[in-house]
Amino acid sequence: MSTGAQTKAAEASQHADGPRLLADVGGTNARFALETGPGEITQIRVYPGAEYPTLTDAIRRYLKDVKIGRVNHAAIAIANPVDGDQVRMTNHNWSFSIEATRRALGFDTLLVVNDFTALAMALPGLTDAQRVQIGAGARRQNSVIGLMGPGTGLGVSGLIPADDRWIALGSEGGHATFAPMDEREDLVLQYARRKYPHVSFERVCAGPGMEIIYRALAARDKKRIAANVVTADIVERAHAGDALALEAVECFCGILGTFAGNLAVTLGALGGIYIGGGVVPKLGELFMRSPFRARFEAKGRFEAYLANIPTYLITAEYPAFLGVSAILAEQLSNRTGGASSAVFERIRQMRDALTPAERRVADLALNHPRSIINDPIVDIARKADVSQPTVIRFCRSLGCQGLSDFKLKLATGLTGTIPMSHSQVHLGDTATDFGAKVLDNTVSAILQLREHLNFEHVEQAIDILNNARRIEFYGLGNSNIVAQDAHYKFFRFGIPTIAYGDLYMQAASAALLGKGDVIVAVSKSGRAPELLRVLDVAMQAGAKVIAITSSNTPLAKRATVALETDHIEMRESQLSMISRILHLVMIDILAVGVAIRRASPNAELAEAMARAKARAGASAGDEAADVLDWLSHGAAPAAKE
């Protein structure tokens, strides 16, 4: 299966990290495929879900059948809502944890999305040969697209254009309450209510819904129907000309048309409504001759509006694979930075020019970069099946000085491209979900700080601190923790330091400061009027103020030097979690900077440090270099005996 790319072109653009597993899991069957390169989908196989106790068992069977080795990345479109780590299928008995499944199968990535979200992402790429228009109407470019499809359930989704990409909507719109449009549908509703307290559109216009319609009409006509009659039998009888089956199909298509019209006006889907799922394609000409389109347009005052919106039947054989492939590709691109990650792009560009042995090292770096970063050269050589000198030659072929230099560049390529976004924690999130969100939010905030921090101001602050006669750290509430941490670090430099978290003590101490003294004020809001008045007193006496705060705050504007740590916090009323981490990081940066200044070979400074340490009872040999090692997250200085 190809999306239009020529075979030779596809062969030239195979996924560097190996084939990707794609899956389309419905209530009845699980379909699997391998994507060897962009748009090149092969080895499509279908497995009845009832034959496998778990989804993991079905995936393992498929991987065994196609004789594939390791798969690094996989994406699953599933006929079920996906909200968090736990998935419990509505129309099947499979229940699983996404993360536990990923670990059990040894995947680096396992993405699970709603099947109609995946199908929606396939719509912009469909060709005329992969869809059939029903009725009139012309789609408007760059407009919202609606998607629906009866299968075991009634799937619903939509696509919203956003610049040069599309955003898929996750929806459970099939569970909207069914509203009959005529007496026959009233009868169907009354029949369905005997079994279901809430009759949704899914109950009457998904696959099993045709059975309800058929039996309701049979009960009206006082006809006996065998208990084992299913939708496939009804469709077969309709194609054979059976009057009751034909009426059931007609009623089914009419209800589907009403639902499609509801979806179109709800979304404003001027880009068209697409119909997927497994039921409608089996109706063939019965659907084309049905009242579907007439009922789609039957919206009274909005009839003309709907008449201009086209409706399409998707005829592509496995369209969900196209969509889930696109979602997985975007996810991986966001994670690795795509072409923006220079080191990975360099490896790909150079690969064909390398020797066969060096290519094996290149493939290891592309497919398992963290192994390269963390492993010693002997393990890297063993995993790539090359000699250790070959590993070094590979690094130098890329313009690196050696393995250490290459590891550093590779690590930067990985860690420097984490998406800078903020994820909201929701009630009901599992530990896996909210733990990952807290960590991701913190990492993203630190990376944003690295990108936007004014390092010229950092240098100025370090110079001020290094030459200070006395340093006082002020922080109120949560910021007092940061002030205490700073005091603990800076007093080791032999500079008189203290931390105050009480406004009265801050005011009393600030009144004693003067020229040569420094206050480091830590505040998320930067607006506390009492703190600002204290700082004004100190600055009027000649003291300098370094502010660690948000930009454009009164504190930032007053300070001698402002180190701005802007970020997204969940709620103003909450305990400031991310700001505390960023403020602690800023203290680390300042402390390391001062330690570097004081570890330099300056005789006068070294003598002053020695005198300070002697007064503190420490050995003069315990130099600032030891403190630097400790501050920069090396080993803490050993205690002197």
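Every residue gets a Cβ built from N, Cα and C, even glycine.
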Practice prompt. Tell me which range among 317-336, 377-396, 517-536 Swiss-Prot lists as DNA-binding region.
Written response: 377-396
Item to complete: For the domain 'SIS' (461-600), provide the mean pLDDT of the predicted model.
Response: 89
Response to the item:
Around the recorded ATP site (Ala23, Asp24, Val25, Gly26, Gly27, Thr28), other residues with Cβ within 8 Å of the Cβ centre, ordered by sequence, are Asn29, Ala30, Arg31, Gly49, Ala77, Ile78, Ala79, His92, Asp115
Practice prompt. Out of Gly26, Gly27, give me whichever of these binding-site residues has the highest number of other Cβ atoms within 10 Å.
Written response: Gly26
Item to complete: Count the residues of the domain 'SIS' (461-600) that DSSP assigns to helix (H, G, I), to strand (E, B) and to coil, and report the three numbers in that order.
Response: 69 helix, 26 strand, 45 coil
Worksheet item: Taking the Cβ of Ala23 (ATP binding site) as centre, how many other Cβ atoms lie within 10 Å?
Response: 24
Discussion item. Looking only at the DNA-binding region (377-396), how are its residues distributed among DSSP helix, strand and coil?
Written reply: 17 helix, 0 strand, 3 coil
Worksheet entry | Residues satisfying Cβ distance under 8 Å from Thr28 (ATP binding site), sequence separation of at least 6 | Pro48, Gly49, Ala50, His92, Thr152
